[in-house]
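Contents: one structure, followed by commentary.
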Amino acid sequence: MTSSEFVPEPLPRGLTDATTHPHRPRFSWSIFWSYTGPGWLMSMAYLDPGNLEADLQSGAYTRYQLLYVVLLSTMFGGLYQILAARLGACTGRHLAQLCRSEYPPLVSFGLWIMTELAIIGSDIQEVLGSAVAFELLFGLPLWLGCLLTGLDTFTFLALHKAGDSKTRYLEMFFLLLIATMCVCFFADFTMSDPDGIEIIKGVVEPRMDKQNTMQAVAMLGAIIMPHNIFLHSALVQERKIDTRFPTKVKEANYYFGLEAVMALFVSFLINAAVVCAFASSFFSSQCYALSSNPISSLYGRDIQTSCIPAKAALSSGSAIYDAFTGNVCVFGGESVFEGNVTTAIMNTVSKCTPCYVDGRGESFGTELFESGPTAGYCQEIGLAEAGEAIREALGGYAKVVWAIGLLASGQASTMTGTYAGQFVMEGFLDIRIAAWKRVALTRGVTLIPAIIVALISQDRQFQSDRFNELLNVLQSVQLPFALLPLLAFTTSKRLMGPHFVNTRWIAALLVVGTALLCGVNYTLVYDILLKNLPEKLSASAWISLVTIAGLYVTLLLYLLLIYPSETVPPHYVVLPSAVSSELPREEKNKSAGSAEEPYWRMKVSYDKTRSIVLRSTKKSTPEKSVMLSDSNWSYLVSITYKR
């Protein structure tokens, strides 16, 4: 063998057929506990204020009809989360890092911008949700609640430090928040006294009609968050996985997948509890029929309403619709409390036909607000109006419990959003800055627009609901830029290895499912933009819109048509970071640039046994012994660089 040719040493003891051809591991509680954590953090995105708003609207507008949509969307989201966890465990890199190394710099930069926009949009919703909770609990103005929500930055820094024990503190904190949500939302569920038979029908009996189609689309689009895919692929790397041994990778995939299923099942139960609580408290067949009745002024318009107790409806600032004709009898932003409450209610009664909650009787009067109303007015409902509606329907304790659960949801989801922002910034840009600077930057970018929205909607609660709709559009259009790279990487044998790459059938199923999901999201985008965009746009607005749309479509087409190469880059072999750090800096390939993985200038080939053969392209190389692991081909090689 010449000095410039290197071959691997014999496989080390312990690397046998059993390790190169892994089988499903036996379940062990102790091992399962060691892997527990990332899935519960990931599940926070399924319980954020945006999802809670979709849940309460689904229940209030369609009763129990869309519970099966909650179940199916959670299952579908779980499939992508498991793929993200497998990607991180098998490659040792998270999705943002792989995008940077596998795509050209311009494409990688575009993906980073899209992902950051998704994170910012999601964080604004979560900050506003927490601010609403502070307002319900303490009467604080929304803008002050937004500032208080920023304090979770310090909680995050206190709980998340280098080292496994500190990471465990953070994970235990999130488990506490999930437990809080369980207690609060199931308490409201119990107080609302839902119909058990109808709940079972809603889960197992798919029903769809014109009135609830867009609500189903909104629920499906809201539950899968783009940044959560990036987050989960990075969180699994908090656990030490020996990627040299496929059995260890198989074990990690098994337990990460099991944990994700458990966490998402709990999130489904919580989401379903919110749907059922609002369904039994606010659904009215009268209000439901307005959008399908040809004689109603709401016929053909994408406006759904529920039966909100009179006092809550009149104080919300949202439009009130006549339960028979669908005409607006109190316009949005109109004040009806110029005199006392009873007078305001009676004045409205003379103009509006009241509605009645299904299964709650048909009594109505100004005195019944002391004991809990069964009658009210047809009105749209969102996160901002939900607290007062619950107080009037179920009592003051129910409102407090709802607010505590909402606060736990907002705080948990803002912290996971900040966490995701750090991984995304580090992965795409390869930036290494102090943790407090990264967190402060991420939170500062989101707090400013959140405070602006809070100031605008302080006296007109329906304004924040409209803004949430636009943020849902932002989330929906960003989703393909997380799912398409995920599918491309998990179907790459070079990246995943022969044991863990997606099979053709699974890949085909994922492609079809992703196409359907993106189609559903674009339907939601079209519907919301149609309602919120002005009828006439200026020339500059049209130019901006067309330019943004052109860039968007270009990036989307690239991801659809161009896949990462299945071959090792010619004349180079990628060295793991631990190996690269041991090599002299001046010997690294500088032509690759700082945005690329560090390369050693070597020719690479695989022999018949899939062992690796490296040949130096330099006349001399430094003497250095390092271990190079390649889980893609399931072998170990020890390379000695000699002069």
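Using the three backbone atoms N, Cα and C, a Cβ is placed for every residue, glycine included.
Automatic, uncurated: that is what TrEMBL annotation is.
Feature annotations, reproduced from TrEMBL:
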TRANSMEM  27-46  transmembrane segment
TRANSMEM  66-85  transmembrane segment
TRANSMEM  106-124  transmembrane segment
TRANSMEM  136-157  transmembrane segment
TRANSMEM  169-189  transmembrane segment
TRANSMEM  216-235  transmembrane segment
TRANSMEM  256-283  transmembrane segment
TRANSMEM  440-458  transmembrane segment
TRANSMEM  505-529  transmembrane segment
TRANSMEM  541-563  transmembrane segment
Out of 27-46, 66-85, 106-124, 256-283, 541-563, which stretch touches the transmembrane segment (216-235) the most, going by CB pairs under 8 Å?
66-85
Candidates 106-124, 169-189, 541-563; stretch with most C-beta pairs under 8 Å toward the transmembrane segment (256-283):
169-189
Against which stretches of its own chain does the transmembrane segment (440-458) lie, if we need a Cβ under 8 Å and a gap of at least six residues from its ends?
119-120, 123-124, 127-128, 131, 141-143, 145-147, 149-150, 153, 384, 417-418, 421-422, 425, 464, 467
